[in-house]
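See structure below.
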Amino acid sequence: MPGHLQEGFGCVVTNRFDQLFDDESDPFEVLKAAENKKKEAGGGGVGGPGAKSAAQAAAQTNSNAAGKQLRKESQKDRKNPLPPSVGVADKKEETQPPVALKKEGIRRVGRRPDQQLQGDGKLIDRRAERRPPRERRFEKPLEEKGEGGEFSVDRPIIERPIRGRGGLGRGRGGRGRGMGRGDGFDSRGKREFDRHSGSDRSSFSHYSGLKHEDKRGGSGSHNWGTVKDELTESPKYIQKQISYNCSDLDQSNVTEETPEGEEHPVADTENKENEVEEVKEEGPKEMTLDEWKAIQNKDRAKVEFNIRKPNEGADGQWKKGFVLHKSKSEEAHAEDSVMDHHFRKPANDITSQLEINFGDLGRPGRGGRGGRGGRGRGGRPNRGSRTDKSSASAPDVDDPEAFPALA
């Protein structure tokens with residue numbers, strides 16, 4: 001409406017959070033410093049009107065300087081310590097009027113643990129200086145460690161594929177990119193292990209030409225023992241040890257009987273004899289097939305059977321015995337009695353007296369041929385015709401004349 005005053009208005013500013021008192025100082029410390037300054041000014045010249053006007057002018061200049069400091073303060077200014085020339089402005093900021101800071105809604109900002117107060121209420125930054133980042137060392141070539149624990153074999157850097165996009169002809173960049181650092185670049189290269197699982201090839205033997213040898217130091221993990229262990233486990237070594245032990249026992253018995261001066265020559269002669277016998281036994285034994293079979297037959301256990309001789313242990317009372325044979329008549333009579341027992345006929349059976357003849361059981365013709373050339377239905381045949389057919393003999397199958405139509 002025209003003539004109506006607008007109650008509120010707004011404007012666009014560059015920093016909308018400019019008036020939120022975003023500083024790190026404690027407002028209570030600022031108030032305390034302002035009170036101390038007032039007391040000092042009041043003690044110097046007891047309150048005239050000139051002193052009051054001077055105090056008000058100083059407070060106004062201090063508030064203006066504090067507003068400018070709050071607007072221009074940034075994150076870099078907080079991290080870096082201020083030069084001593086700015087300390088004068090900080091003192092002026094601390095002498096703000098207490099009425100402006102007692103408004104409601106102002107957030108109390110506490111000091112951080114790395115800051116301390118001096119006696120006059122000034123904040124001191126005691127944060128440790130940050131050390132600069134480490135530099136990567138590209139000049140020093142990586143050395144690989146050999147078995148002996150010394151870095152003796154140098155592997156050239158060119159042989160290793162450089163990770164990332166830009167490599168020497170490898171990766172995405174190709175030759176044109178050169179030594180450029182790409183995504184996932186790592187100057188250390190791929191880690192090469194001394195041993196690979198399931199193979200006897202070590203990483204440095206491929207480049208240095210050294211031959212791989214198993215770990216046989218006699219101690220530690222994944223150890224295959226020493227060369228002396230194999231000699232001690234061989235049967236020849238065990239046999240020698242047994243012979244040496246026996247010779248030592250014999251030597252000890254001889255030394256008890258003989259004086260001390262004669263101990264060594266007796267032991268030496270016995271050892272020499274044992275060595276000569278061992279040399280003779282070591283050669284392979286050769287024999288013929290017959291000799292080998294003879295040795296096998298000696299070792300084989302012979303099986304002996306207790307075989308009874310004929311008529312051995314026979315009783316004399318059975319010498320006159322003979323075999324009894326049944327007569328044929330008795331066998332035939334026995335068979336007839338068995339048949340009569342199973343197939344017994346009654347007395348009034350007349351089946352044996354009847355004669356049974358099987359005639360032609362085919363159906364008779366239902367009609368004959370008509371007299372006028374047509375096929376007519378004949379009458380019923382006479383009863384006498386059946387007797388004629390039954391009395392007629394069957395044709396001979398083997399006679400070709402009986403079947404003239406087939407001829």
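Cβ coordinates come from backbone N, Cα and C, glycine included.
Here's what Swiss-Prot has on this protein:
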COMPBIAS  70-80  compositional bias 'Basic and acidic residues'
COMPBIAS  89-114  compositional bias 'Basic and acidic residues'
COMPBIAS  122-162  compositional bias 'Basic and acidic residues'
COMPBIAS  183-199  compositional bias 'Basic and acidic residues'
COMPBIAS  261-274  compositional bias 'Basic and acidic residues'
COMPBIAS  327-341  compositional bias 'Basic and acidic residues'
CROSSLNK  Lys52  SUMO1 cross-link
CROSSLNK  Lys102  SUMO2 cross-link
CROSSLNK  Lys211  SUMO2 cross-link
CROSSLNK  Lys228  SUMO2 cross-link
CROSSLNK  Lys228  SUMO1 cross-link
CROSSLNK  Lys280  SUMO2 cross-link
MOD_RES   Ser25  phosphoserine
MOD_RES   Lys68  N6-acetyllysine
MOD_RES   Lys122  N6-acetyllysine
MOD_RES   Lys140  N6-acetyllysine
MOD_RES   Arg165  omega-N-methylarginine
MOD_RES   Arg188  omega-N-methylarginine
MOD_RES   Ser205  phosphoserine
MOD_RES   Ser208  phosphoserine
MOD_RES   Lys211  N6-acetyllysine
MOD_RES   Lys328  N6-acetyllysine
MOD_RES   Arg363  omega-N-methylarginine
MOD_RES   Ser393  phosphoserine
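On the structure: features taken from Swiss-Prot.
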residue	record	Cβ within 10 Å
Ser25	phosphoserine	19
Lys328	N6-acetyllysine	8
Ser393	phosphoserine	5
Should Lys328 (N6-acetyllysine) be counted as helix, strand, or coil on the basis of DSSP? helix
C-alpha spacing of Ser25 (phosphoserine) relative to Lys328 (N6-acetyllysine), in angstrom: 150
CA pair Ser25 (phosphoserine) / Ser393 (phosphoserine), Å rounded to integer, equals 153
